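Novice: Okay, handing you the structure first.
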Amino acid sequence: MPVATLLPFTATPNRKSASPTSFRLTEKFILLLVFSAFITLCFGAIFFLPDSSKLLSGVFFHSSAVETNTHTGPDSSDAGSAGNDDRLLAKIKKDHEKALLEAKDTLQKLPDVIQNDILADKAKVTKESMGKGAKDGNNLPFIEYHRPPGATGLEPQDPETRERRAKIKEMMKHAWDSYKQYAWGSNELRPVSKHGHSSNLFGSIKGATIVDALDTLYIMEMFEEFDAATDWVEKSLDFNVNAEVSVFEVNIRFVGGLLSAYYLSGKEVFRRKAVELGEKLLPAFKTPTGIPWALLNLKSGIGRNWPWASGGSSILAEYGTLHLEFMHLSRLSGNSEFAQKVMNIRKVLNRLEKPQGLYPNYLNPNSGQWGQHHVSVGGLGDSFYEYLLKAWLMSDKTDEEGKKMYYDAIETNLMRKSTNGLTYIAEWKGGLLEHKMGHLTCFAGGMIALGADGAPGDKTGHQMEQAAEIARTCHESYARTTLKLGPEAFRFDGGVEAIATRQNEKYFILRPEVIETYMYMWRFTHDPKYREWGWEAVQALEQHCRVDGGYSGIRDVYASSPNYDDVQQSFYLAETLKYLYLLFSEDDHLPFEHWVFNTEAHPLPVIRKDKTDRPNEVEN
């Protein structure tokens, strides 16, 4: 009889007992009957059940397995069998006596004592699992969860700022509700035609918008929507797919989004899913140099690079934008392999010569040599430099290698000033400067501002000036369009400044980089113009991108009326709306001393070297 069925006899809920072991006469009689039945059952099993010794040893409590002689060949003897039987009976008797003692001890314990014993056993198992480390997503080491400060913030004191922030939250609700109504479970939404949309970046993984938006929902205190998203992740997010994915995009959106959701909410499902996906991405590093492939089949583990990328090279902004997430994966899984993989990338890069002091955008993962000498702080190169700086900040400023690599690279000769005084960052191709700046490059204003305080020598003021100038140039790229939304790229040649001159550069796909720089500049300067510029963008988004089914990108920002591309990008919810919301929030909301944003705007906490850093306690 299982011990649990005896527990009702250990307590007398309708009266106070004099002692834990005091029983009425009738109770003693019942206990005697129970013990008699128990003994009869045990000895009956010896004679009537097949292989009963093994059954007894496996069923009753924690007794060890009984070893039996199962050899039945011609070498067996009657004397040997008799000896084995005697030892077997002695072993069974000993186990039986032990079982009776354990049962008696349990019967004499109060329910509270039994509960404490259970908790002690649980703690012992947890401690043992911590020592073994993580084997997979379902066997992770115990980590005491502490939420860094600022996961949610106070209402702005200024009425106008409070009203504007509320408007941005309403925009998020419209984007989310539209996605949920028309494209739930799909990667993205087609807001005009009102159905789901997916690109080949995610293979057959689903739910990019859900995972990308998790932290934005939490930060905006949209907890009902957050809970619905969490439920979908728990039940439907599946990485067991036979499909090829972009390692970069899956890392920054899915891994980054899951990590951020875990650190904000403490829900274990996000940690488990992040580690599971991270482990599926590890085969991408199986190259002669350890520089990962751009594309990976999650089932077969076979990788390759984009065929258009300089003879099959890996791209700087892709293999260089894994560091933040993989360092946190090692921390949360107990598996140092994640950190080792990304640190090896630096070793490879540090062995190579850097033309113009920067890193070319293409690197052959087989030979370990640069591909085409195309250097850019914009597309193909941008987030590599961002992650060097943020790796240093996220390490509690202990990653000196990342710091040196960033500051050595940032002082380059790609910074230029136009005839009318607009500062821009050009691109370098094969020894020639191309006087073009992409929308993606506009993130650099925020990056330079973020790193200015740690700049060597007396360069802090100079770098803040550069950041402000870049912010002004990117604002001009918006102001000089008909729809007041920025083009994908703009040029400074042929008599034009901050204007797109090619048709394939005139589109706007709800990108966040300009808003991102406004947010950083506001935090560091509190100059009201950055909030005003951000509000101009809000008004343009509402007027030209909002449709009944969500928000859509625009094919030509210089046209008199919008021509929709019919895609609500997942990064619109993850980045654009989040940065706008933070632009109109107080500085204690996701403060920079405690959080670092990945390149998809997913906040990750600073990893404190001092484990007793009490300010990172959970906020109640």
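Here the Cβ of each residue, glycine as well, is placed from N, Cα and C on the backbone.
Copied straight from TrEMBL:
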{"type": "TRANSMEM", "residues": "29-49", "note": "transmembrane segment"}
{"type": "ACT_SITE", "residues": "Glu249", "note": "active site, proton donor"}
{"type": "ACT_SITE", "residues": "Asp382", "note": "active site"}
{"type": "DISULFID", "residues": "Cys442-Cys474", "note": "disulfide bond"}
{"type": "ACT_SITE", "residues": "Glu488", "note": "active site, proton donor"}
{"type": "ACT_SITE", "residues": "Glu513", "note": "active site"}
{"type": "BINDING", "residues": "Thr599", "note": "Ca(2+) binding site"}
Novice: So if I draw a 10 Å sphere around the Cβ of Cys442 (disulfide bond), how many other Cβ atoms end up inside it?
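Specialist: Excluding its own Cβ, Cys442 (disulfide bond) sees 30 Cβ atoms within 10 Å.
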Novice: Does anything in the same chain, at least 6 positions from Cys474 (disulfide bond), have a Cβ under 8 Å from its Cβ, and if so what?
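Specialist: Looking at Cβ-Cβ distances below 8 Å from Cys474 (disulfide bond), excluding near sequence neighbours, one finds His439, Cys442, Gly445, Gly486, Glu513, Val514, Thr517.
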Novice: Quick one: of the recorded positions Asp382, Glu488, Thr599, which has its CA closest to the CA of Glu249 (active site, proton donor)?
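Specialist: Out of the listed candidates, the nearest Cα belongs to Thr599.
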Novice: For Glu488 (active site, proton donor) and Asp382 (active site), determine the Cα separation and express it in whole Å.
Specialist: 15
Novice: Sorry to bug you, but what's the C-alpha spacing from Thr599 (Ca(2+) binding site) to Asp382 (active site), rounded to the closest Å?
Specialist: 10
Novice: Given a 10 Å Cβ-Cβ cut-off, pick out the one of the active-site residues Glu249, Glu488, Glu513 that has the most other Cβ atoms nearby.
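Specialist: Top count of Cβ atoms within 10 Å goes to Glu513.
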Novice: If I restrict to non-local contacts, at least six residues apart, and a C-beta distance under 8 angstroms, what lies near Thr599 (Ca(2+) binding site) in its own chain?
Specialist: Ile252, Thr321, Asp382, Ser383, Glu386, Tyr387
Novice: Taking the Cβ of Asp382 (active site) as the centre, count every other Cβ atom within 10 Å, in any protein chain shown.
Specialist: 26
